[in-house]
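J.: Below are the features I grabbed from TrEMBL:
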type	residues	note
TRANSMEM	14-36	transmembrane segment
DOMAIN	20-251	domain 'Cytochrome b561'
TRANSMEM	57-77	transmembrane segment
TRANSMEM	89-110	transmembrane segment
TRANSMEM	122-142	transmembrane segment
TRANSMEM	162-180	transmembrane segment
TRANSMEM	187-207	transmembrane segment
TRANSMEM	227-250	transmembrane segment
Amino acid sequence: RHHHPIAEMLDLPFLPFCAFLGGLGFVCVAFVSAWCQHWRGGFAVDGSAQMFNWHPVLMVTGMVVLYGAAALVYRLPPAWRGPKLPWKVLHGTLALVAFGLAVLGLVAVFRFHNAHGTPNMYSLHSWLGLATVLLFSCQVGAAPAPPHPVPLSPSPSHFPSLQWLAGFSAFLLPWAPAWLRALYKPVHIFFGSIVLMLSVASCISGINEKLFFSLKNGTMEYKLLPAEAVFANTLGLLILLFGVLVLGALARPSWRRPDADSPDSCQVHQLR
């Protein structure tokens, strides 16, 4: 089959791309950690400003990097052969760890706000971020409960539980019928991509909001672009690049598992 020269040039092997993406994810975590340690005073668990610093680190690590890794598990060439169950377990484990870090990130920011008398849930960033975590909870389990009451709509805990049950039944259990997996799979993939896009948007808006709040005195004003602003803006671009590359990898047909729509007969055979 004849390929256009440009298409051949862009037909990169997945493993080098995956290694680059893993390095980029590590750089994102290193950047946000360095920002909070060097410019924002480090970390603590006492309700101080240093406790807030856990929020960006946990959110970038969980909702962007680990979530992106979970999304790409099925693109790994070893996952194309043999039973799917180990890869499903890995996919689910990474997603659950990411979700756990997101919950801890919410705990950090709510406790900081409550300790300092700062209102919760008033900014666009907070609305977008909580909506992202709630939608993510529909993918992996029950929605997280903030450490203190927050004026929100009634808890959708039953709906996420049903979503988790549907996902577990459709993908992890080997006896799930093929029609159920075929019905639920596009829904899971669609909302998974939406969650990643919202996560990236939430992180970028959060970085921008933090800089506006923190850099407003004298020579450190944000508009003067001090070193912290340059560093944090670069972090935002790195997060954006990571998200775009993950979505691009998910959309690339040549990197999809060839038998993605099979009934997992190998998996059933392994469990008998």
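Glycine is treated like the rest: Cβ placed from N, Cα and C.
Annotations in TrEMBL come from automatic prediction, not curation.
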J.: Determine the mean pLDDT over the domain 'Cytochrome b561' (20-251), rounding to the nearest whole number.
T.: 86
J.: Go through 57-77, 122-142, 187-207 and flag the stretch with the largest number of C-beta pairs under 8 Å relative to the transmembrane segment (227-250).
T.: 187-207
J.: Which sequence-distant residues neighbour the transmembrane segment (187-207)? Criterion: at least 6 residues beyond either end, Cβ under 8 Å.
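T.: Sequence-remote neighbours of the transmembrane segment (187-207) are 55-56, 59-60, 63-64, 67-68, 71, 124-125, 128-129, 131-132, 135-136, 138-139, 167, 170-171, 232-233, 235-236, 239-240, 242-243, 246-247, 250.
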J.: If we skip the immediate neighbours and take only residues 6+ beyond the ends of the transmembrane segment (14-36), which ones have a Cβ under 8 Å from one of its Cβ atoms?
T.: 42-43, 53, 56-57, 60-61, 64-65, 68-69, 72, 75-77, 228, 231-232, 234-235, 238-239, 241-242, 245-246, 249, 255
